[in-house]
Every structure is written in structure tokens, then in C-alpha cells.
Amino acid sequence: MATVDDLKFQEFDDAANLLAANPDATTISIDEPVEILKNQHGHLQEPGREEDDELLGTDDSDKTELLAGQKKSAPFWTFEYYQTFFDVDTYQVLDRIKGSVFPVPGKNFVRLYIRSNPDLYGPFWICATLVFTIAVSGNLSNFFIHLGKPTYHYVPEFRKVSIAATTIYAYAWLVPLALWGFLMWRNSKVMNIVSYSFLEIVCVYGYSLFIYIPTAILWIIPQKVVRWVLVMFSLCLSGSVLVMTFWPAVRDDNRRIALATVGAIVLLHALLAVGCLAYFFDAPELDFPAPIIPAHNGTTVITKS
């Protein structure tokens, strides 16, 4: 017949002895193995999907959004509402510029730099700097190409500033708006698609244009081969930032739609770079009229250069 000692659980005795010997020892409750299994299951996920899970949203992110929703936001017609879009310091802007110039394979630009505090300060001033850089460099390039020709008289083309501003800002705002609308539409059709806010997409596009600022300065070099090598190099850097950012947002979609979306993003980005190079720097040379020199006998003589 079993005694009272035989009916005791050996585990309880061991735990009691352990706590008596070491009061600081930790014990595991019956609910904790479930959490351990959850953590182990999380570690078994694919490494490439961990960043996407953060972009898709977890319980912690849901709590953060819930707490953020409890905060009182200023009305959109007040200055405080727009001040939040420019609440960024110099170090954050420099880090985001470095991330756009030196993209890291396998790292998402939004998760690393943007999601914590998306801003419009960097994109606005990057676009403004790029506008004046392209306009001024285009004028200087035209001047150096025709320098030394007796029939050429340099006239600053201020209209290039307005044309460059319209092109750059239209691209930096309209393309992100179209992409944001497309991703929202596909998000309602397909589950588990990474979602970006419109501000995050504008921020990514704005910082991706920074590489074209030094490139536009180097476009002054009057060598077409050098110019096209520079534009291809800049396009590869900035385009890789866009591809690595938006590919996780569409790769779970239909394969053709995903490839077509990424292809359209790269194509529009390439058209902007090639279009600026072709219009502002590689414009065809104009045939300037030869000067007319009046002769003493009343006739005119047309000189050829």
C-alpha cells in the first residue's frame, strides 16, 4: 500500500529545496511554456520575413498605434499640425541621406530610418536644392559647350528653374500619391501586404533624389560618356533604395502585378533622371545666325563662322 510520502510530487519537493537553498532562484509557472513555444515559433520564421512582420504590424505596434490615437492631434488648419511634419533634427536627416546614398542589401529603408519619425523637411529641401542645382548646372553646361564661338552670346535661361521645379516636385508628390493609392487598393484585395502611409512614401522618394544633387554638378563635364555613366550609377543607387523598400509591399501579391509595380517604379525613376539629363544638359546645339556686316558700297556681307 502506498504511503503518504509516495503520494507527494517529487517536483514540488525539489522546487522547495531549491528555494530554501537559493531564495533568488527563478521558477517557471505552468503558463510560461506556452510563451516559450511562441518565442520558439517566432525564431523559426524566415529571417527575411521579420522586417515584413514589423511593417505588417504586431501586437506591440497595435498598442503603440492605439496609444498614439489617444493623443490629441491639432486641427489641420493650425500651424502645430504641420509643425509635426518638420520635427526632425540634423542628425536624423544626415542618417537618412546616408541611408539613401549607401543602401544596405536586405534592409528596409522605412523600417531603419523613416517609420519612427517620417518628415517632410528633408524631402522638401532636397527637392529645392536639386531644382536649383539642375537649373544652374544646365546653364553652365550650355555656356561651356559654346564657349569660344564668336556667334554665341550667353543669356541666362531662368525658365529652366520653373521647368525643373515643376518636374521635380510633380514627381516627388504625384508618383508617391499614385503608388500609395495603388498599395491601398491592393491591400484591400490581398491579405498580408505591407502597408505604408503616404507620408512615408513621400519621405522615401524625397531622400532617394539626394544622389542626383552631386550628379547634376558633375554633369557640367562636357563629355557625354561621363554623363551617362554618372546617370546610370546614380540610378542604380537611388533605384535600389526604392526597390528594396517597395518590393516587400507587393511580393505577396500576384507575381505579374508585383513585377509590373516594381518595374513601373524603376521606369518612372529612370525617366526622371534621363529626362533631366537630355533636356537640361544634352540639348541639341542651336544654329546661331551669322552676323551681318554692312559693306561700304551699300551691300551686306554675311560672314560664315
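Glycine too: its Cβ is placed from the backbone N, Cα and C atoms.
For 101-273, the entry in TrEMBL reads domain 'Yip1'.
Look at TrEMBL and you will find 120-141 (among others) tagged as transmembrane segment. Sequence-distant contacts of the transmembrane segment (120-141) (same chain, six or more residues past either end, CB-CB distance under 8 Å): 85-86, 88, 93, 96-97, 156-157, 160-161, 164-165, 168-169, 172, 199, 202-203, 205-207, 209-210, 212-213, 216-217, 219-220, 222, 276, 280-281.
The transmembrane segment feature in TrEMBL is assigned to 161-185 (among others).
TrEMBL lists 197-222 (among others) with the feature transmembrane segment. Within the chain carrying the transmembrane segment (197-222), a Cβ under 8 angstroms from the stretch's Cβ atoms is held by residues 85, 96-97, 99-101, 109-110, 113-115, 118-120, 122-124, 126-127, 129-130, 133-134, 137, 140-141, 144-145, 168, 171-173, 175-177, 179-180, 230-231, 233-234, 237-238, 241-242, 245, 269, 273, 276-277, 280-281, all 6 or more beyond its ends.
Here TrEMBL flags 228-250 (among others) as transmembrane segment. Same-chain residues lying 6 or more positions outside the transmembrane segment (228-250) and placing a CB less than 8 Å from one of its CB atoms are 51-52, 55, 99-101, 103, 105-110, 179, 183, 186, 193-196, 204-205, 207-209, 211-212, 215, 218-219, 257-258, 261-262, 265-266, 269-270, 273-274, 277.
If you look up TrEMBL, you'll see 257-281 (among others) marked as transmembrane segment. Sequence-remote contacts of a segment are chain residues at least 6 beyond its ends whose Cβ falls under 8 Å from one of its Cβ atoms, and for the transmembrane segment (257-281) they are 134-135, 137-138, 141, 160, 163-164, 167-168, 171, 175, 179, 182, 186, 208, 212, 216, 219, 227-228, 231, 234-235, 238-239, 242-243, 246-247, 250-251.
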